């Protein structure tokens, strides 16, 4: 360490170096996927700002096959003129200078989103490559950046009569530990944005899978959002309460809400289109006005007198779905990620607007007002009944925390952070778990049968369920709005351990429904896990081994197959064995698995045949004859191997503007024709690169007289696939394989060793990435309405390997 601390010790990070040095400050976590997806949102927010200013109608977000993302819009296009101070094009300034852009000039954008206020320059800094295309002033301008540095100045490459911007970026693997984009995370945010910006069309296209795209365009704005949130639920009143008010101080307040016959409160808050997960002053204002207005209306109309029970704000919000969206010129948030709004002036703005408009709505719609008041009174009565039920059970002593439920085998550890609670299905598995556990920090709670489906049950009915009451007591954090306190939780590791059969899956789903609906904070804090007991036990001779899943089973079979095996590529060649053969098998299996994954988008036979076809590079596509020869060879191989009803033909498409010829494979099956074009993105993708690498390894590997040997047995082979298949078949001789259905099939030692020992066990942590999606999924799968559930099963049945209905 340097002894001198002087002016030379002070480092000034110039330009975008600061972003690359500390990416988390600018974009969020670079390991868990949040930062990666924020890259897309930063670019989309620029297009949304154009839409807010009235210049943009269509936004298209595309996840390309090479895992790059492009965002294009039909806005005004980023200015291309020279910047007076920076002496480069304005577009280059926006791409390379932090905090540059139109948001800081109040005349360009009145309110703007942008999650971290740093914009597209951060995306540029954290990408291996960015291609910027601008349609503006009758010209198409383009510029390419690598790691934030422009390769050349902005150049004109053609003429156009359109306007708009397209930014395509390849995230840097040096910054992000995982560069795989999740469609659902992008879809959730883009859906929100389309609701919040009525009339803007947002398309999301995933080129990695066939026909996977969504078109989000909602004319109804946040009214349509509420309608969407209440899909598969039964509204109490058909009419959606809605107002949009712009105040003189520049704050605009928009609220939409509707009650349904459920028991959950669903309120989503936004400031300048940015979601606040933890609410803030706008939520406080909304809640205060809702409670005050409804209470005074019920007093005035005599509902409170008839009810004979006092109503609270919680009763008013039972079954309420609401979206609160405020536009604030200079919002203040509690942190950089803007999860909570702290601008004090917003509370009074929302409260006064909401109070005034809700009063008008109740007076002008007496029949709807009556239905809402009846629902609130019902909620108050149920709350009162639940309170009495709790008091009754307390008096009996069953729910008194001094006496924990008799079934619970508690642990000695008193620190919740170190304690684990295993929720086990059935008494037999419970017995094994109690004997096999580590008493110091592992508690066991066996549950008998299936617990109540809390999605369909009211609170008082839920409390009267014996299994639910046992679970609540064991957890120790109480339940219900008055008593629930997640900080009092007795175990910070709650592990659901059920059998690997249909009943086990059902019980696990019922438990997850309970946690999601009644104790969502436990999931949000990462306390809920699902145990992953082994699926198989294999026995060969006297050796026994546990195998966790199908993939591990395949790996085990391969390792067994390679034992004492050797491949001879011709009659005279030395044996290929040991590590060299293992490496080849691993590469082959990885290629086959990759081809299976790619066959979601392309025909399975086509993708698998690429493993046996020479590589076609993007550069070769400038030579039409080379593309013709490659495509012809591929199609001939496909037709030669086809045993079904499919016929293959091809075309070579000329893309004159790019100077490229690209292959198109045509598949005709039972008179139906499908065309599959192989794009430049496909040829440049990592996936195709891996298949082509494998094809180069296999090409010419086996010659005349090649054979495979295992022990003393041999077989002449003509392909590597044939050799591997024979090896696996040979290795399975004398092997018994037992599939575990229930945890009770294991003795205590086996259960400890495979599922409960912290050194060797595997667990899945339960998380919620898309709150709206999770809510809808629980409503569809666990709610009262049968039709949406049937539709869900029909749509997804083919995606499952083992379906039991």
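Including glycine, each Cβ sits where the backbone N, Cα and C put it.
As written in Swiss-Prot, here are the features:
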DOMAIN    419-534  domain 'Toprim'
BINDING   425, 499  Mg(2+) 1 binding site
SITE      450  site 'Interaction with DNA'
SITE      453  site 'Interaction with DNA'
BINDING   499, 501  Mg(2+) 2 binding site
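Taking residue 450 (site 'Interaction with DNA') as the reference point, the binding-site residues whose C-alpha atoms are within 10 Å of its C-alpha, out of 425, 499, 501, are 425. Listed binding-site residues: 425, 499, 501. The one with the lowest count of other Cβ atoms within 10 Å of its Cβ is 501. Averaged over the domain 'Toprim' (419-534), the predicted model reaches a pLDDT of 84. Rounded to the nearest whole angstrom, the C-alpha distance between residue 453 (site 'Interaction with DNA') and residue 501 (Mg(2+) 2 binding site) is 19.
Counting every protein chain shown, the Cβ of residue 453 (site 'Interaction with DNA') has 18 other Cβ atoms within 10 Å. The Cβ of residue 450 (site 'Interaction with DNA') has 14 neighbouring Cβ atoms from other residues within 10 Å, across all protein chains displayed.
Residue 499 (Mg(2+) 1 binding site) falls outside any helix or strand according to DSSP and counts as coil.
According to DSSP, the secondary structure content of the domain 'Toprim' (419-534) in residues is 55 helix, 21 strand, 40 coil. Between the CA atoms of residue 425 (Mg(2+) 1 binding site) and residue 501 (Mg(2+) 2 binding site) there is a gap of 11 Å, rounded to the nearest whole number.
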